Amino acid sequence: MLVETHNLGVHRSGRWLIEHVDLTVSRGEIVTLIGPNGGGKTTLVKTVLGLEAPDAGSLHRAPGLRIGYVPQKFHLDWTMPLTVSRLMTLTVRASRAEVLVALEETGVGHLMQAAVQTLSGGEMQRVLLARALLRDPGLLVLDEPVQGVDFTGEIALYELISGIRRTHGCGILLVSHDLHVVMREADRVICLNRHICCSGVPQTVASSPEYRKLFGPRAAQAVSVYQHHHDHAHALDGSCPGDHDHGHDHHTPSGAVDSHGEHETERGDA
Amino acid sequence: MLDDFLVRAFLAGIGVALVAGPLGCFIVWRRMAYFGDTMAHAGLLGIALAFLLDIDATFAVLVVSLAIALVLLALQRQRAIPSDTLLGILSHSALSIGLVTVAFMAWLRIDLMAYLFGDILAVGRFDLAVIWGGGLLVLAVLAYVWRPLLAATVDENLARAEGVPVAAYKFVLMLLVATVIAIAMKIVGILLITSLLVIPAAAARRFAATPESMAVLAAIIGVLAVIGGLGLSMEADTPSGPSVVVAALVLFLASLLPFGRLRRNV
């Protein structure tokens with residue numbers, strides 16, 4: 001057990017942002033947090049990180065736990081001259097070789113000397129992921145790691161994250177609005193709408209009535225479709241290039257695609 | 001050599017510029033220019049208090065500047081009034097309270113212009129010692145907190161999640177800015193101090209690939225501005241503080257010239 005919360009609540013400006021949240025993340029496990037915007041996903045993550053103080057319940061972290069964090073938003077002003085390698089070692093001391101190994105693991109070793117401001121959205125996410133890995137974390141916390149990444153990039157990024165779990169053995173707490181892709185790799189999915197409305201293995205959550213109420217029946221259908229056909233790539237419209245003769249209905253998963261580009265606003269951020 | 005007031009003026013100006021450059025980088029990176037301005041304006045209230053209580057002016061300016069910075073940080077936690085409005089209120093209020101307080105002390109005959117715009121030619125041996133002693137102290141502390149302060153500046157939440165005590169380093173930064181305001185007051189005056197912090201740092205940005213090189217370049221550009229400004233002041237009998245700022249502006253404008261494809265992508 002890396003992190004455990006019991007009956008956790010965060011109260012800000014006269015209302016509960018989250019309440020009665022029981023969450024555990026264990027070593028080698030991917031826990032995915034989904035839920036509507038404003039449902040408290042980022043608040044929960046920030047509380048786990050120690051950025052927000054809980055107002056109710058308890059939060060336990062394994063003693064000496066090192067956390068690698070990829071924030072939801074990362075913007076560096078042009079006035080700050082910073083290379084990628086320097087960004088990597090802001091809070092840890094590491095040799096050039098160690099930095100390069102981490103960057104190469106996420107496929108961006110060639111960007112080591114690039115100015116941070118010149119990175120694309122996908123490159124930035126991979127650099128931030130490498131940066132988190134450089135800390136040799138016991139727990140990786142990834143808040144919407146596929147933002148600003150195109151659809152095929154998303155799948156590649158999730159495969160990378162899944163690979164990290166296998167090679168590093170760390171626990172991963174993942175926030176996503178992106179249901180259909182993320183569920184494949186998750187051990188457990190927690191649907192958060194201020195409180196936990198359902199949780200369990202992806203299939204259980206997808207078929208639960210609370211989940212259907214939040215995301216609509218077609219979102220659940222999209223998950224099951226994806227479960228059956230994870231051996232091929234989906235094109236942007238949800239169709240499967242070069243593979244037309246199977247019986248499944250490939251609707252664009254509305255619940256998932258509609259939420260693209262929407263960002264949960266940060267709360268309680270001093 | 002120190003008997004010559006011109007030599008003292010140049011040494012004092014160079015001392016201030018060497019500190020203001022690197023510290024000014026943080027003001028630019030953290031978008032604190034107006035914040036620094038407010039702290040400086042509060043310095044006049046410090047001057048008034050120093051005369052009223054008969055204490056050292058440099059110390060009084062430091063304390064009052066730091067106090068207003070802490071008040072600002074506390075007020076910024078509430079959301080009802082936006083930060084820039086708050087700065088606008090406090091900046092000009094602090095200056096006005098200082099001016100009104102000085103006017104009330106009718107028995108005082110102080111040269112207000114010297115405090116508002118600087119009187120570098122009146123720098124004595126003791127002032128010089130304060131500038132270089134205080135300046136070296138600020139540089140030493142800045143070097144000591146450089147890494148965590150930089151991490152907190154790049155992304156505050158990320159730094160906090162990674163165990164950097166951000167609030168403590170913010171306080172240290174406020175303390176350093178207040179110190180520089182206090183020791184730079186004699187040189188450029190309360191109204192112009194922020195320019196000595198911000199302009200050299202802004203001019204250095206284009207030629208810097210790392211935060212450290214930007215800090216060093218800002219210090220050098222600041223020194224050049226002081227030398228140029230004081231030279232102008234002597235040649236043309238212009239006020240010293242504004243002359244230094246004009247020289248800094250000229251250097252900043254020069255930094256905008258298209259120097260080939262120099263560091264285009266940095």
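Each residue, glycine too, has its Cβ placed from N, Cα and C.
Going by TrEMBL, these are the annotated features:
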TRANSMEM  B:6-29  transmembrane segment
TRANSMEM  B:34-53  transmembrane segment
TRANSMEM  B:59-75  transmembrane segment
TRANSMEM  B:87-108  transmembrane segment
TRANSMEM  B:128-146  transmembrane segment
TRANSMEM  B:167-184  transmembrane segment
TRANSMEM  B:215-234  transmembrane segment
TRANSMEM  B:240-260  transmembrane segment
Proximity verdict for the transmembrane segment (B:167-184) and the transmembrane segment (B:87-108), three or more C-beta pairs under 8 Å: no
Stretch among B:59-75, B:87-108, B:128-146, B:240-260 sharing the most Cβ pairs under 8 Å with the transmembrane segment (B:215-234): B:240-260
Contact check, the transmembrane segment (B:34-53) vs the transmembrane segment (B:87-108), 3+ Cβ pairs under 8 Å, seq sep 6+: yes
Beyond the flanks of the transmembrane segment (B:240-260) by at least 6 residues, Cβ under 8 Å: 9, 13, 117-121, 187-189, 192, 195-196, 199-200, 202-207, 221-222, 224-230, 232-233
Same-chain residues at least 6 beyond the ends of the transmembrane segment (B:87-108) whose Cβ lies under 8 Å from its Cβ atoms: 34-35, 37-38, 41-49, 51-52, 68, 71-72, 75, 81, 190
